[in-house]
Ligand code: LIP
């Protein structure tokens, strides 16, 4: 079994490289932008083409494995995590960045067995940074070992977050309220590069202490989650409970002290779960 997952991880790295080079080539050329859940939830031909390339290759090499992909789910495929080995894929994390030529775009491939993450691969393709982690084996960027920051003082920390793609004023008010409270703790600063996967890799790299967001999806965070824990970090829900990949809420931090300091300030809300029955989704 162990060798099989290593084989799958090697394949994920190769796929992420190939996908990343397609994404890099398409930046600023592929301007065919389409809309998904709202006028700010964007998708391009490249997202769809890259996801199809990954699915086809995974199906050929690992025909019994399951697949959850951002664009397949958008096209009506189920989003349910079972015990079966499952690839959880965001072909272009940071689609808005991609469309605008803002230079942070990642291919994110997480892999879970028995609903537990076994490995994660995030390729920040404009920067040419390949982040990888395998359960129990550490996290790496371009082959160099990653460690989270050892900072324990929230007042000495940088926190990453995003505004997401929900523009309901109630939701936007909560996002700003949380940010305001966290900023005024005070902390050194708030950052966000427009891709959840890359934000999580920055936590793993030790240059931001934590990342939190409500409204992300399992494909945005699956790979980054194991990269954070393998770099020594912690994951939790925004209410301080255990992370639930399908809940669309995440706190990833260098340690529990920093994670809990943030949790106290977040005005939590509960988006519709990724695995909610299709008839409950718009
Ligand atoms: C995006 C995330 C980003 C988040 C957006 C969106 P996409 O993923 O990575 O951090 O704020 O809501 O989910 O749609 O570019 O794959």
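Each residue, glycine too, has its Cβ placed from N, Cα and C.
Note that the coordinates shown come from a computational prediction; the quantities given were computed from them, not determined experimentally.
Per TrEMBL, these features apply:
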BINDING   70  Mg(2+) 1 binding site
BINDING   90, 93, 220  Mg(2+) 2 binding site
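Of the chain residues outside the Mg(2+) 2 site list 90, 93, 220, 70, 92, 94, 106, 108, 195, 196, 197, 216, 217, 219, 221 have their Cβ within 8 Å of the site's Cβ mean position. If you count neighbouring Cβ atoms within 10 Å for each of the binding-site residues 90, 220, the highest count belongs to 90.
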